[in-house]
Amino acid sequence: VTKVDWQRSRNGAAHHTQEYPCLELVVRRGQLFSLTLELSAAMDSEETFIFTVETGPEASEALHTKAVFQTSELEMSDTWTAAKDTQTENTVTVSLASPPDAVIGRYLLSTRVSSRCKHRDRKLGEFILLFNPWCPGTSFLLAPVQPPTQAHKARAPAHARPNDCFSEDDVFLASEEERQEYVLNDSGIIFRGVEKRIRAQGWNYGQHSISGEQFEEDILNICLSILDRSPSHQDSPATDVSCRHDPIYVTRIISAMVNSNDDRGVVQGQWQGKYGGGTSPLHWRGSVATLQKWFKGRSKPVKYGQCWVFAGVLCTVLRCLGIATRVVSNFNSAHDTDRNLSVDKYVDSFGRTLEDLTEDSMWNFHVWNESWFARKDLGPSYNGWQVLDATPQEESEGVFRCGPASVTAIREGDVHLAHDGPFVFAEVNADYVTWLWNEDESRERVYSDTKKIGRCISTKAVGSDSRVDITSLYKYPEGSRKERQGDSKAVKKLFSVEASGRRTRLRRAGGRGLWRDDLLEPATKPSITGKFKVLEPPMLGQDLKLALCLANLTSRAQRIRVNLSGATILYTRKPVAEILHESHAVRLGPQEEKKIPIMISYSQYKEDLTEDKKILLAAMCLVTKGEKLLVEKDITLEDFIIIKVLGPAVVGVVVAVEVTVVNPLLEKVKDCVLIVEGSGLLRGQLSLDVPSLEPQERASVQFDITPSKSGPRQLQVDLVSSHFPDIKGFVVIHVATAK
């Protein structure tokens, strides 16, 4: 063999890998790919090629990291195969295929002619093998693989037995629309905010990239290097590589490596609201810059990330390796540290969180991932979406990682199954209980809710930017028979103890039984109700105007002491600084309703507002005769940015974009900058100065982009200022191919 043509264009189109900028051929397992070999002399008809493929250090056939096979008539089997397609005097085109459970990664391909035993193998070069969501169990295709039909069988080569087929790839996903979204789409949306005000944030996954762009070179090679730098690979390289046929193993390794807690992983977490020496988590617009920085920094963890950053990076890596993956947001997400299926929060007489006593937490939202693959370790009932979470919250088998946990297992209450079912189950099912901690160190339950946690579980829709609520995949409707059955099963698995001593059993709404220490009886019917009402939309830079609405439910007058507090918070609901502290004496006549006006000026919160733009209000209402009512309200401040594309978008053609922003403050601001980014729309990042803005002034900035890729492309625009938190926006631009 004197020369090899890897047929990158043809193979790339057939394997959905043409977007990768790597120098090597990139193909997917369980599917044919073709090579054309130039020869120094013609081959005899009896001669065959003997191929060798090997991956990783100390490759061996025993570990399935090496295979030796020769061209023959294609026989369906679960081994590497090869066959001659066409032959001229000095060229031969051959088709090769790996088994659908082959180890993924970078391979070296060598060959020799069978009759020339004295000749050394000729190294043809390297190629990269990925997981194959298109592999349904039939491989004799060079067109994109689809589920077999009669027409499909008729197109199979004559030497293929149409009714025989490889077993399908564990990551096979039947829907082409879902494969386009969850494997090939290189941008997406991450949902943040609060349950009643969910906001979309654009994210550039960038797993497919254009060679030569400033931030987008060789993400695939970086993803493979993450596997090679894991502690498992450092401890036993050959064994680690041999396990990379299994998506369960690979996703568990990547889940640990995306955070830096136990290794030199990609992202370092920070939840204190201070980001000195690094980048604020809210300043990241995608995964590519993070992965590039980690790789160029020789595995030095990148500062800083929070849950959506970990989820965005994990999604990039797994889509890049060929596993269908999506980002999922859970609103009112529990972090249950003691595995008692209850988030216990302790507050003082003003409703302020006592951080030294409160170990559990309920985050406004938490973001994780789901990946689609079979669970041969659990059985086919648990195939499908699997929860993976790279945010370092709790250890799993001694390492900060989470999953894969079958979403079906979570819904059915099968929390004993691998991996990390109890933690994920609690994230969406725990009770929320608030305790008033008295000066004598006694406690009183002032609030409990069995339905508050695990709300509006959301992901991006297939083929559009809308939000899809997938809560029903995680739990049956509240109060339904199936929900009670699932809860009962989970509780039995988690609390396999009998009542004894001071333990008491609470039978909760919905029939779920749970063991708790010293849990009080359910609260008696309240004599008053209360809720916060927002009187004007809460805008960044403006005064906040609200009212606490109280209602007397009895036919007797009541006196109430209302202790109000407010604090700027992180999205984890961790308080940052107190901005409100006041007390009111209120008299309510029989059946009377009253509103207590509340005003928080911009000057009260501007110094302590975090980039999350969140404020938590609390009212502890102390009624005569000892009754207590706690009312809470999470507020997210709104902002404003509009992005318009001023004409049709076509590959290679300049098009103008107009961005309109508003100074949210009641004071003049200078030095504002627009940061613009978009995979397939811009090379690198664009930074544009914004003219000085008078108080609440609106201004427009225009700039040009030249799209380089067709299809839906996401353009992200952030207004950055030292005077207020970043204002973020994005638009999806549908780019047409050049005529």
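Just so it is clear, glycine is given a Cβ too, placed from its N, Cα and C backbone atoms.
A TrEMBL annotation is a machine prediction, not a hand-curated record.
Quick look at what TrEMBL lists:
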{"type": "DOMAIN", "residues": "299-392", "note": "domain 'Transglutaminase-like'"}
{"type": "ACT_SITE", "residues": "Cys307", "note": "active site"}
{"type": "ACT_SITE", "residues": "His366", "note": "active site"}
{"type": "ACT_SITE", "residues": "Asp389", "note": "active site"}
{"type": "BINDING", "residues": "Asn429, Asp431, Glu478, Glu483", "note": "Ca(2+) binding site"}
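Sequence features, as recorded in TrEMBL, placed on the structure.
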residue	record	Cβ within 10 Å
Cys307	active site	27
His366	active site	26
Asp389	active site	31
Asn429	Ca(2+) binding site	26
Asp431	Ca(2+) binding site	25
Glu478	Ca(2+) binding site	11
Glu483	Ca(2+) binding site	19
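With respect to their backbone Cα atoms, Asp389 (active site) and Asn429 (Ca(2+) binding site) stand 17 Å from each other. A Cα-Cα distance of 28 Å separates Glu483 (Ca(2+) binding site) from Cys307 (active site). Sorting each residue of the domain 'Transglutaminase-like' (299-392) by its DSSP state yields 18 helix, 41 strand, 35 coil. Restricting the average to the domain 'Transglutaminase-like' (299-392) gives a pLDDT of 96. Measuring Cα to Cα from Cys307 (active site), the recorded positions that fall within 10 Å are His366, out of His366, Asn429, Asp431, Glu478. Taking CA atoms as the reference points, His366 (active site) and Asn429 (Ca(2+) binding site) are 14 Å apart.
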